[in-house]
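Let me begin by presenting the structure, written as structure tokens, before commenting on it.
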């Protein structure tokens, strides 16, 4: 399986070419290099998928667990070894990696194609594609790595690209600040992950993923403090990258980047790295019930908090950003209750519809002179029909419209597991259900406010074919991708979980209540849509919303939610301001005062002695006399 | 003999530079370049020879029989074991005092020597246009500093070591004093006083060792390998070690003793900053590895937790201060404090993995910080300022420099793919089992380093350009890097990435030395 | 002989006291001559006729003549005496006088404690002195010769009549002062430009 | 022939010396200071000669000669300086001559 290495190598090559020679290349050449490398990687991945299926790994589709998990290994060489530590450039692809690789390269390729048109005319066209290519490469390394250090390389690499692309339009300080915020907050999580790595190495003396997964059940007692600590540190790493509570504040600001970046990095792939990490290291989490519970609670809280914030945002990309946080919260919830497959499945569908929503939002914003406020849009249904219909597909999937949308299948699965899985419970399920209502509500609100009603801003340009084609493909997948996995009681099609079964175990469940759960979920979705329709289409003129907003309490709640539950302000007062003021205070370095004091003492002594040297000859003679007197007195 | 050539070439080159300058002004830099390149060729030949494993010749540097006492000390490595020493050269110098001209090279020395010449080359190149006054004398000082540093890395006679220690100090002092920035006198005096105070304590310690060894064995000698064999009472060992440690801690620098560094770095000319940050600081670390640990194993084990604590304080404190600076070169200088804290942490972890990390860190920090100083120098050449407030938006006018600066900023904040990550990872990993708390605190520096690096990038290269009233947009201020600067930064960039992707040769070279060293501390 | 010693000592001390309390320089110098002559008598009483003679010839003769020449050349007259009177107030001299008195007491105590024996008088002849000088002290004599030579050259150089000239360190300061004052007076500058020909020559010396 | 105790002679020398010293300390006129220094030198010579006669050696007298030479040289240079000072500063007050002082 040597072609395995080409998959990350192709985007890397693209990056190198663009980084070294990009400024001398024409835009067309840049586009071909940038998009072409990722498309080629996507093709290779598909070939790999084909081989993978062909090799019988999916025999489990029919329900038989394959005895040994099928995977491809490739050792590219030693990276470094010192003492007991030995780290290699090793790739390891199994079905879990393959799902991620598929999304990264396939959605990545579509977004690259979209970007060739979207970014046209930008001054730093080459830099954009260089960063995007580097991102794809780093993300691929992240999911293909066979050891945690290489994974960490990819992990940090995607962080770097995220930083570079959020601050892509660097002229505005706000963008730079958003980029810094994203990098630093994820870096906090990364540091936790790194400490987790140290702890793991101290315990197991290896950082090879397969070895860790193999050895840890024998090495750690179930629920022992060490494994809980390790799992929690890994979770913290995931929280940072995946914008989960309490490290979620960077993602809404990260929308300062170009829309394709938001689509690829901050919706489809990078932010789900945390999900990948936990799914990959699920054996560690299984050993620690506490860490599992914390993961589930984190997910549940995050999905509610972010969904509430999404309800009141006015910036189209911020709505989508909060919705991304919320959807990843669902994934964490699923991971927390042990439904790893469900989490990955939701990642799979979410990648399509959220990328679609972001790309469509990008197209809308581009058409409306960079207008971000949804209340200054409207009436775009007729003017941008392709965008409207694809956006509708995406929003339906986000709202989990029953049966016809991919989101329904994945989210329904999570809801069910949250309720009935061994680790799950009613509280988690209710939170998820409430989240579903809110999600449906804000999806409806978004769609209605942006596309229906009257036009408030004139359309300046229409998206070209390179923009619409990826939208259409993604819309198609947003609707149909869910058909690979059906709920148990509807159809016995379990292609996706069967595919993953060799890597991720299915959770233990308590049976019963499936139909009721589904009905409740459907009702939740419909209720959300109904309320949204009622409020934002039927009676926008009556203005229930505006009336609400005039009440001080409601306005206060709205502002609270609008500001992301005040987390930003909290962190500002708790960490940022104290840090900044302390460092400002100490800018001149307090230790310098120590030496300044020494200098001052020397100066003072010098001045005292210097005063005796007053230029008067007779004074000096008196000094000599005093000296003689002193010595003689001593002699006496 | 080849070791003498390495140092001699630099010394002679320096003198030639000075002499020819009075005769013809333009020649000095070419002579300097030629001598550094010649040295570089020698070193590369050595590197190729020893890395590709035609193998180290069996060099036993251990002294003639009259010095070898049947030692029962636990720390003295058996003289006939496989030695890490690759080349050994000795000649008499002042035999009546037991001073000899002895230079020995092991893997560690070879690595640091290569770094010296590499950065020396870049220092010469980066001052190509910057220095226009008294160029001959400038290159004389630069080459002599380099020679002093190379000598420090090679000397295995304590007197010779001290000699080179001073040789690197005085020309550096002159570099700052004569070609420095506006506040250069203050900075130069501060630098000189700090290092000289430490150096004198070390001289006392060396003399103490000399007399103790002489009294024990009857032979008064400054020879490193002979003194290695002597036993010390615990009290004496503690005090003598503190003497050595004082000099090295000032050079490193460890936090309460670091104050000379920001001033010296920010005021020095670019080449001076590169040599200071890239090489001079390394001599402190080298001294600890070469002298403190082998001479005083028990005493250093006893002090290890405190030393590591000092290292951690340096890491965090340096990072916090770097974050607050408004002067670009001062900012970079404080990052050095932070990074060298990792070195101290790694050395006193006394563990092979961490020690390997230290070796990598020495090189990686030399390259990344040297590069950042080179960039700061280039910016200063264009904008005539070091103030962050007077920069901004430079990415627009100099995209190539911005991108390269981004590379080094990322290297400096310890992103994988660059050498610094490998170093910090190994150090923290190696120290973690024994000193988990310290390592966790040190790890927070990863966040702080992100803070200051990103702040630096934002203030210098991103954001809106500084208003023309503050920084007038002259033609030179708009220029992107030229080919000479491309060579400098490109070489550094390749170096740091290579170190990040393929650090193994470096680690293999240092392995023997480190294993010998850690053998002493294995419990 | 002891009478001679005590008597001449008394004269020497009184004369010296007069020297340091006179206001007029010429008076002081005359008392000084008396003091020197008295000391010469002491020498004689101690059995050192050679130095006694030298004391009279060189100290009371040559050196005093130099002083008197200078006083005359400088035209120091009654004004100077008046000024001296103003300067020499009790406030000025009481402190130092007390200090020296204490010192004298201490020396006296030391001398008394030392319990030195009485002097056995024996005349040391000029011949002995000459032999010693040109024997063991030959080099010292040469050095004394150098010293005198240097004294002559130095006096000749310093005593040259010239305009105000300062050390170069001090000159920078005064330059700055005068430049700021905008004074048109001629100033010695570093390279000697702007100085009249005659003065430049003196400067170059 | 015991004439006189050596300590008496030395005491006289000390008195002369200290009178000279008092002169140096109390007079502001540089000419008087020079005169006082002559007195001190003379007193020192007296001590030397006394010591020489104590041991019946010519060394004390030789030393007196050197002191004499030194005094001559000193006086010639010193008086030349006095003249210069008078010409340049029109004063004999040493308190005014403090330009070498570190400000």
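Glycine is treated like the rest: Cβ placed from N, Cα and C.
Per TrEMBL, the range carrying the annotation transmembrane segment out of A:176-194, A:195-213, A:347-365 is A:347-365. The feature transmembrane segment, as given by TrEMBL for the ranges A:261-279, A:489-507, A:546-564, sits at A:261-279.
In TrEMBL, the transmembrane segment annotation falls on A:95-114 of the listed ranges A:55-74, A:75-94, A:95-114.
Counted over residue pairs 6 or more apart, the CB atoms of the transmembrane segment (A:429-452) and the transmembrane segment (A:29-53) come under 8 Å in fewer than three pairs, which marks the two as apart. Two recorded stretches are said to be in contact when at least 3 C-beta pairs lie under 8 angstroms, sequence spacing 6 or more; the transmembrane segment (A:95-114) and the transmembrane segment (A:261-279) meet this definition. In terms of C-beta pairs under 8 Å, the stretch of A:126-145, A:151-170, A:261-279, A:319-341, A:464-484 lying closest in packing to the transmembrane segment (A:386-409) is A:464-484. Confidence in the domain 'NADH-Ubiquinone oxidoreductase (complex I) chain 5 N-terminal' (A:79-129), given as mean pLDDT, stands at 85. Within its own chain, the transmembrane segment (A:291-312) has Cβ neighbours under 8 Å at 227-228, 231-232, 235, 239, 244-245, 248, 252, 278, 284-285, 319, 322-338, 418, 423-424, 427-428, 431-432, 434-435, 438-439, 441-442, 445, 558, 561-562, 564-565, counting only residues six or more beyond its boundaries. Using a Cβ-Cβ cut-off under 8 Å and counting only residues 6 or more beyond its ends in the same chain, the transmembrane segment (A:151-170) has close neighbours at 124, 127-128, 131-132, 134-135, 137-143, 145, 176, 178-180, 182-183, 186-187, 190, 193-194, 197, 209, 237, 241, 253-254, 256-258, 261, 265-266, 269-270, 273, 277, 280. Using a Cβ-Cβ cut-off under 8 Å and counting only residues 6 or more beyond its ends in the same chain, the transmembrane segment (A:319-341) has close neighbours at 238, 242-245, 248, 251-252, 254-255, 262, 266-267, 271-272, 274-275, 278-279, 282, 285-286, 292-307, 309-310, 313, 347, 350, 354, 357-358, 361, 374, 398, 411, 413-414, 417-418, 421-424, 428, 431-432, 435, 438-439, 442-443, 446, 496-497, 500-501, 504-508, 564.
For the domain 'NADH-Ubiquinone oxidoreductase (complex I) chain 5 N-terminal' (A:79-129), residue counts in helix, strand and coil come to 29 helix, 13 strand, 9 coil, using DSSP.
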